[in-house]
Amino acid sequence: MYIALTSTPPEMNANSMPKQVEVRMHESHLEPIEARPQSKCAKICSKLFKNLLLTLTVLGVILGAVAGMLLRVASPIHPDIVMVIAFPGDILMRMLKMLILPLIISSLITGLAGLDAKSSGRLGTRAMVYYMTTTIIAAVLGVILVLVIHPGDPKLKENLGEGEKNDEVSSLDAFFDLIRNLFPENLVQACFQQIQTVTKKVEVVVEEEINATTVEGLVANITKEPQFVIKKSLQFKGGMNVLGLIGFFIAFGICMGKMGERARLMIEFFNILNEIVMKLVIMIMWYSPFGIACLICGKIISIKDLEVVARQLGMYMITVIVGLIIHGAIFLPSIYFVIVRKNPFTFFLGIFQAWITALGTASSAGTLPVTFRCLEENLGIDKRVTRFVLPVGATINMDGTALYEAVAAIFIAQMNGIHLDPGQIVTVSLTATLASIGAASIPSAGLVTMLLILTAVGLPTQDISLLVAVDWLLDRFRTSVNVVGDSYGAGIVYHMSKVELDELDAHAAKSDDIEMMTKTQSYYDDMKNHHENNSNQCVLPDTATTTATATANNSVVVDECKVTSATNGSAAECTLVEEEPWKHE
């Protein structure tokens, strides 16, 4: 509440302009206004509007799948029409991927800048333990299911035929590529390129003296097969180096947090950037139901021989999907319940929007903006946790991918009639776990990581191409499980770190209070000196005097200092009352 007062110093004459003084009443004198109860109609409308986006997204997935199946039954559709149908979905993917880079940068920096080095280290340790544990569980689950169900049959090889031959991939090269990408030499280049080891067969010319004395010897020298040598080189491939960017900006955020007050302006900049990106996410989300429907519809139409592929690889698909359901609906919620002691399915309802978006887009990174929004707004997870855990989790926590690759590797062995011993099965599990962690830093991640696993246990690599026909569907399921795993991980890390975060908040609030009291005391000292040097007279208008007298018992607050006024008419002499500073609750 504000009241306008005028102050007339003694040395001023009647013709001089009075000085305007702003008077603010203390909050304790104001009566709280009770909120008006909403009508039933308003409550229903509010609920519908709150869940409208989620409902539209679910309808988009269903309508897209139904429309795609119906259009397949119709006469053959021209490729240009298929392209037009899928075009809005392509635009959605482009918009989501456009926000990945600014979102990762701003979220990591603002999240880590609000933590000290010790707290961020503990957050990272807890997150990594969770990631490794769930990924190993997923890989082992996949191995057990594929051995029990045994979807691979040598007869399938006769029906599917031979696959295309692929170049072998060295596990050592892939590991070194991962480390190289973790430390990019050019930060700008890392935004759109990553490094990869490329092997090339080079023919070597062998010079030999022709000393054949017979015709047969001469022909043998001429028709001798050429010799090849494998040469390795480093090349930059298209695709964002997410792992390198995350590594750099984690270090950047920790260093900024250590700078304290000097880095406050920089932190505010990235906070504002993060808010702007999240506002853009909200705008894109209202377009996502239509984009997801077009994306799924176009994908279903473009698949050739869908019925034949489903019949031949049906058991393989069932094995993968059952494993993903068990991991995402049983194992992950159980881990959350054991640690947090809260209903995991209530938590899942809070991230349902992110799950359905991952199912439609098949991109963990593309779903990242939606996952942020679900965890922070729906579930109230601390932003310092989500901004650190989610970008890292979207890069290295690939539970669904580990399960899928373990199943695929053993399925190929079964299809070729190859029996794997226990040592090879353990190798498949470990390789699938490690390959899924490094998948984000490898171009064409699905193909390359699968080649790593098959090469590690000596399985034929050319059969990978036979599984591509159903990969479009399985990719959506495993991506949705990856997003669910990241979300549960953020909830678990937040629960385990809540005490530390509260202590950090209390320490920060105490520091702010000390700083505020120091400034207030300095201000009061200046006011005292000013009052001793200049004895001013306050002139209150009749309305202002009545209001001040009725509400504050002749005491008002002038610039946060309590001033007592005499009641001898409209003119009152102002005296400064010394007391403790007002507390701002």
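Each Cβ is built from the backbone N, Cα and C atoms, and glycine gets one as well.
For reference, TrEMBL has these:
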TRANSMEM  52-71  transmembrane segment
TRANSMEM  91-115  transmembrane segment
TRANSMEM  127-149  transmembrane segment
TRANSMEM  242-259  transmembrane segment
TRANSMEM  280-301  transmembrane segment
TRANSMEM  313-339  transmembrane segment
TRANSMEM  346-368  transmembrane segment
Touch test for the transmembrane segment (313-339) and the transmembrane segment (242-259), at least 3 Cβ pairs under 8 Å:
no
Intrachain neighbours beyond the transmembrane segment (52-71), with Cβ under 8 angstroms and 6 or more residues off its ends:
77, 285-286, 288-301, 352-353, 356-357, 359-360
Could you tell me what the rest of the chain brings near the transmembrane segment (127-149), counting residues at least six beyond its ends with Cβ under 8 Å?
315, 318-320, 322-323, 326-327, 331-332, 335, 388-389, 392-393, 396-400, 402-407, 410-411, 414, 425, 428-430, 432-433, 436-437, 481, 485, 489, 492-493
Determine which recorded stretch among 91-115, 242-259, 280-301 has the most C-beta pairs below 8 angstroms with the transmembrane segment (346-368).
91-115
